[in-house]
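Q: Submitted below is the structure of interest, expressed as structure tokens.
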Amino acid sequence: MDPAKFSRKLWSARKQLILMLAPLLLLPLLFIVPPKEGKCLYVVLLMAVYWCTEALPLAVTAMLPVCLFPTMGILPSKKVCPQYFLETNFLFLSGLVMASAIEEWGLHRRIALKVLKIVGVKPAWLILGMMITSSFLSMWLSNTATTAMMLPIANAILESLFGNLETLKENCKDKSDPEEVRREAEYQMKVWKGFLISIPYAASIGGTATLTGTAPNLILVGQLKSYFPECDLINFGSWFVFAFPLMLLFLILGWIWIAFLYGGLNTRLCISKHDERAAAEAKAKAVIDEDYKKLGPIKFAEGSITFLFIIFAVLLFTRDPKFVTGWSVFFTKGKAQESVPWNIILLLGGGFAMAKGCEESGLAVWIGNHLQPLAQVPPAVAVILITAFIACFTEFASNTATIIIFLPVIAELAIRVNVNPLYFMIPATTGCSYAFMLPVSTPPNSIAFASGHLMVKDMVKTGFVMNILGILCVSLAMNTWGLHMFNLHIYPEWARPLNASSATVATHAIVTMNMTG
């Protein structure tokens with residue numbers, strides 16, 4: 001058989017092969033690692049392989065603990081199944097329901113066009129407008145839906161600014177055109193790429209600002225409740241106060257980098273000139289105005305959703321703000337059905353079930369024992385290394401799968417090196433949304449790349465610096481306002497083992513002095 005043909009057939013059947021071979025190849029773990037820890041590690045790695053390769057749908061893989069944990073004696077079903085119906089899952093569900101209503105009635109389009117009318121039509125300002133709108137919408141909608149909605153708006157504006165894209169590409173390649181015409185066409189192509197690449201990046205950044213903005217944030221909350229039941233520092237309000245300034249800082253730095261790289265930042269940023277570009281900008285402004293007029297007056301449904309959205313946000317902030325008594329005290333702890341992606345809820349449940357299995361089986365402790373050499377690394381450096389590692393890993397795997405796999409390990413690492421677990425877990429959670437370098441890194445990246453106007457090298461060149469900026473912003477946030485908000489400079493009581501010795505307490509004090517010194 002022709003080797004090329006055989007390799008193509010093999011590639012087409014890769015998911016089936018992974019599905020069958022992965023359980024067999026991982027079997028030695030059951031004999032190498034201590035019994036209970038080995039069984040749990042087997043399930044964890046099997047789920048990691050299936051999640052990273054998508055050999056099975058993500059939600060199907062998330063259901064594996066329901067059958068494997070009780071079957072292998074890792075955890076009884078009465079402890080596994082409740083992990084799929086934690087209150088964290090339904091917090092995410094409420095955000096999905098609200099997002100469905102916003103999308104159904106087109107409120108997101110009205111918001112986007114209004115922001116673009118305000119910022120103006122010069123390329124750098126338009127890129128900023130696109131990024132502000134995308135990030136704001138992504139705080140409440142999924143980043144995939146935000147990108148899919150914003151790209152058509154961007155393309156319509158770009159066509160009014162620069163004309164037909166194919167003609168623009170021909171002008172860039174045509175050597176017979178005057179040098180000035182070719183340079184202008186190349187500039188316009190760069191701006192076009194800047195528009196397209198800014199939208200998925202801003203959507204990924206924006207999702208980090210709220211607990212419901214992206215699944216990893218909620219996974220952090222769920223796993224904190226599993227590992228550290230006494231920790232009540234992370235709620236919607238406290239996360240927003242920490243993450244929103246971080247999102248703004250990263251968004252501004254990202255805008256400066258993208259606008260600089262793709263030709264939007266120049267003397268025309270604030271100065272008006274009467275030339276061909278100015279005429280094109282006036283045409284783009286007319287397109288935005290016309291599209292906004294076509295929406296007509298605000299419909300009853302849009303007004304109702306806006307009102308409910310504001311109430312929803314206020315209730316999330318005031319449920320349990322900690323510094324005052326929230327309204328949650330009036331309710332005892334105890335749904336919606338249509339157009340809700342239940343697969344995401346199952347995926348979250350699978351992550352919480354995996355974390356519970358790691359905790360109960362002792363696997364997390366076993367892994368932590370093997371990470372003891374990392375205690376020699378200064379905590380501030382460890383934050384940078386953890387964020388960088390997670391950001392690199394999530395370039396090739398979904399951010400949800402990444403954080404599910406690594407958060408239990410990072411929590412145990414923090415305990416082993418006597419550092420406040422939040423000091424490591426928050427950067428890891430935020431960093432797994434910073435996947436900017438490859439089209440396959442996130443669905444928004446894939447959508448923008450599928451437009452056909454971006455090349456892989458464009459994303460790698462832009463995304464590499466975006467990753468560095470993101471890592472530095474997270475490090476700055478953790479060591480400034482985050483340090484004081486969450487008392488990260490001390491090892492908390494909620495993270496101490498019940499049998500902690502006085503020697504351990506002394507060690508914690510020494511590490512605390514090192515972090516603050």
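Placement of Cβ uses the backbone N, Cα and C atoms for every residue, glycine included.
Nobody curates TrEMBL annotations by hand; they come from automatic prediction.
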Q: If you check TrEMBL, which stretch out of 195-219, 270-294, 320-344, 420-444 is marked transmembrane segment?
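A: Going through 195-219, 270-294, 320-344, 420-444 one by one, TrEMBL flags 195-219 as transmembrane segment.
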Q: Which one of these stretches, 123-141, 351-369, shows up in TrEMBL as transmembrane segment?
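A: Checking TrEMBL against the ranges 123-141, 351-369, the transmembrane segment one is 123-141.
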Q: Same chain only, please: residues at least 6 beyond the ends of the transmembrane segment (195-219) with a C-beta under 8 Å from a C-beta of the stretch. Say none if there are none.
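A: Distal contacts: 88-89, 91-92, 94-95, 123, 126-127, 130-132, 134-140, 142-144, 146-147, 150-151, 154, 157-158, 234-236, 239-240, 243-244, 246-247, 250-251, 254-255, 258, 262, 316, 344, 347-348, 351-352, 399-400, 402-404, 407, 429-430, 432-436, 442, 444-445, 447-448, 451, 453-454, 458-459, 462-463, 466, 470.
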Q: Counting only residues 6+ away from its ends, which parts of the chain sit with a Cβ under 8 Å from the transmembrane segment (462-481)?
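A: Distal contacts: 197, 201, 205, 242, 245-246, 249-250, 253-254, 257-258, 261, 380, 383-384, 387-388, 391-392, 423, 426-427, 430-431, 434, 436-438, 441, 488.
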Q: State the non-local partners of the transmembrane segment (239-263) in its own chain: residues 6+ outside its ends, Cβ under 8 Å from one of its Cβ atoms.
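A: Residues 123-124, 127-128, 131-132, 135, 187, 190-191, 193-194, 197-198, 201-202, 205-206, 208-211, 217, 317, 426, 430, 461-462, 465-466, 469-470, 473-474, 476-477, 481-482, 485-486 contact the transmembrane segment (239-263) from elsewhere in the chain.
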